[in-house]
Each structure stands twice: as C-alpha cells, then as structure tokens.
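To start, the structure itself, in structure tokens.
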Amino acid sequence: MSHFHYENGEFYAEGVPVSRIAAEVGTPFYCYSTAKLTDNFTNFDAALGGLNAKLYFSCKANSNQAVIRTLAQLGAGADVVSVGEMYRALKAGIPAGEIVFAGVGKTRTEMAEALKAGIYQFNVESPGELRALNEVALSLGKRAPVALRINPDVDAKTHAKISTGKSENKFGIDIDHAPAIYAEAASLPGIDVKGLACHIGSQLTDIAPYRHAFQKMSDLVKALRGKGHSVERVDLGGGIGITYRDEQTISFSDYTNAVAENFGNMGLKLEAEPGRAIVGNAGILVARVINVKEGVSRNFVIVDAAMNDLIRPTLYDAYHQIQPVRQPADDAPVTKVDVVGPICETGDQFAEQRPLPPLVADDLVVFREAGAYGAVMSSTYNTRPLLPEVLVKGDKFEVVRPRQTYDAIIGQDRLPAWL
Ligand SMILES: *Cc1c(COP(=O)(O)O)cnc(C)c1O
C-alpha cells in the first residue's frame, strides 16, 4: 500500500481516510506518514551504507517532536541551526553526542549552551565565529569540536533563495581562504578542529553540482593533510531535491557514487544532513474549500489554509500538487482555477491557473509534499492560529501538535501601565 493514495474513492494517509482526521481535528491541518518517514530515512541510510556515514536529520525542515522521535528511533542524529532546535532534538531523544550545530550566525550564548550540552560538532562559517567559539570554549574550560564550513563556489542550480554554495552567498568560508583558517583553527587551544563541511543549497535535482563541490572538498582534504592536518570528518550537507511536480530528481545511486568517487577510501567519517528528502513527501496539508468565487477573468477556489500556514508558494514560487479528497471520476471535466487563501495579500496564492476537477464549498483538498518547510515556517499572521499536526501510523493517528487557541495568541500581548 502506498502511503498517500486513493482508496474506495477517497484520499487516505496510510490506513486512515483523511476525511476522518478532518472530522476529528477540523481543517486545515498537517498530516505526516510514519511509514513514509521511515522508508525515506532507511533508504537514504542504506544508500550510504558502507561509506562510514551517519545521517543527521536537518531539524529545520520539520521539527515536530514526534517526527524527530520517529527518526531518532531509526538512528538519526540531528543537524540544528539554533539552540532552540538543539533543545528540540535533545527533548526528542537525540543524544548531544549526535548533534551538529550549523548556521551562519551563532551567538555566544548559543555557543555556550551547546558546549555545555556537549554536542558532536560545530560547523563554523567564518574566522570571526571561530575566534568567538575559541573564547567561549576556553571560558568554560572546554574544547569545541569543529568542522569548517566551506563555500565551494559552485552553482547548485536551484531557486536563488535556497542556493547557498556560491561565493556571493552569505554561507561558509571561501574555499581559497580555507587552508589559512584551518591552520588557525588547529592552533587555537579552545578549538578541536575535526574536518570540513559544506552545504550548497536545497532542492537540488541535478547531481553535477554535488560532484563539483565534492571534488573541490576532496581536493581540499588532501591539501590539508599534505600540510600535516589530520582531517577526520567531512559533512556533506543536505539538499537532495524531491519531486513536487514531475521533475526528475537525484537518485540515491548517483548520490552514493558521487560520494564514493570523491571520498571513498580516504578513511573519513562522513556526515549527511538531509531534511527535505526525509520529510518532504511524508507530509500533506489538508484544507477545506470555503467558497468558489467566479471572477470576471478567473475563477478562484478560496481555501481555509493560507500563506501563513504554507509559505513556500509565496516565498519560492513553489509548486504543490493539489488533489481533492473525494476522488474525481476519470472523465471529470478539468478547468483552470486560482487556488488562494483568505489572507489580505495578493501573494496569498497556492496555485495560479491550475487545472483541477470541479470543487465546491466544503470539499476537502490535499496539498502534497508539504512535510518539509511547511509547519516550521508557519506564522500567526492575520491572527490565524498555528495548525494542528497529525501523525499517522498504519490505521492509527494522533494529534502531535494541537491547534493553537486564540487565547494563546492574544494572551502573549501585554498592556503597558499607561493603558
Ligand atoms: C537547510 C540545511 C540542510 C537541509 O537541507 P535540505 O534541502 O532540507 O536537505 C542541511 N544542512 C544545512 C547546513 C542546512 O542549512
């Protein structure tokens, strides 16, 4: 049985009709499949089997405790980009010794918290950060395990807002400066430099940029070893793309080959930090049609989810497949509609001129591939409560984050004394 599918004329998540979840928790909501999460993780892990690699799930893609716990039980470590995410990973059961802390702007407070927790590795992105981490570590009587994040200056050929490995991006240390900074790292008493890291972007669908980046990284390892440094670890980053529409993405075998060709037999400990490739297609967003508005030039399907719930279409012009929960007849007529949310922003649009079977008020619709960068990027704009998240396992489901209440949102505000 596939994880999200039609059965008896309606849409199912594993063994649960999505309409049943909607009846119980209301709409809109996010829904994740345990079986899909598990398959994605174990397939990725198996692909790198034999290469002395460990997977560190990139928690920023989906940081729900139930998702992280599911992956932790499969042996995942965590890649975090803030101390808040570190707390989430720890709380979900990932030991500190399996946490990598990445990110271009770690504060000294965050460094201290992560040092006290005893994390596996800091991915350091600049000389300034390296020196600050050295000072913080010395003040705590510790040594910080470090990988230098290198910007290999390759074009990941992805959306500009999720490309991170070009020299004009804010991320990483320029590869030409790496040898000098590595030597400095090796000389600092509060730093225990272990190796290198890179992450060139997200939603990559072409293997060529990986090959290019890995080759540059491999050459750099050799050059550093030639200078007497014992480079033990290379963090390969994340970024493998998924199919949102019909795009061909990177196969595990191509990825494994690119890794093996460049890093095999070097005695390295490898790390990979996939996010989207683990959770992206393991989640959906379910919404209800509020109204169908027939405009002069276009018809609008107005749903009860909006850009505050799933911002990817607004932010990245992202495509999410939309399917009615009631299975349309094979010969159902298809018309082009704009699918929009209720927010007072023209950008609050999920799809423009999308061919869809007829939809009427109260119909349920599913937005596919919403498991990554969905719930985690949501906000309460327009005082819209954060959505519930539901985890399905076989024929069971549970709410793993309840819908936020209006009181919880409004109760955060405080009135000053003069009011
Ligand atoms: C976002 C991010 C990832 C995960 O990227 P995906 O495209 O979701 O796999 C991995 N590593 C770092 C440093 C990141 O910033």
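Think of each number as a place in line: the chain as shown, counted from 1.
Just so you know, glycine gets a Cβ as well, placed from its N, Cα and C.
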According to TrEMBL, which candidate in ARG276, ARG288, ARG401, ARG403 joins ARG312, TYR316, GLU345, TYR373 at the substrate site: ARG276
Recorded pyridoxal 5'-phosphate site member, picked from GLY239, GLY341, GLY347, that accompanies GLU273, PRO274, GLY275, ARG276, TYR373 in TrEMBL: GLY239
CB within-chain contacts under 8 A for GLY275 (pyridoxal 5'-phosphate binding site), separation at least 6: PHE57, SER58, CYS59, LYS60, ALA61, ASN62, ASP79, SER202, GLY238, ALA372, TYR373
Span of GLY239, GLU273, PRO274, GLY275, ARG276, TYR373 around pyridoxal 5'-phosphate - largest C-alpha separation, Å: 15
Proximal but sequence-remote residues of the same chain as ARG312 (substrate binding site) (Cβ under 8 Å, at least 6 apart): ALA318, HIS320, TYR373, GLY374, MET377
Env. residues of pyridoxal 5'-phosphate site, Cβ within 8 Å of mean position of GLY239, GLU273, PRO274, GLY275, ARG276, TYR373 Cβ: SER58, ALA61, SER202, GLY238, ILE240, ALA277, ILE278, GLY280, ALA372
Residues near GLY239 (pyridoxal 5'-phosphate binding site) in space but at least six apart in sequence (CB under 8 A): ALA156, THR158, HIS199, ILE200, GLY201, SER202, GLN203, LEU204, TYR210, PRO274, ARG276
Averaged pLDDT, computed only over the residues in the domain 'Orn/DAP/Arg decarboxylase 2 C-terminal' (29-371): 96
Between TYR316 (substrate binding site) and GLU273 (pyridoxal 5'-phosphate binding site), the C-alpha gap once rounded to whole angstrom: 22
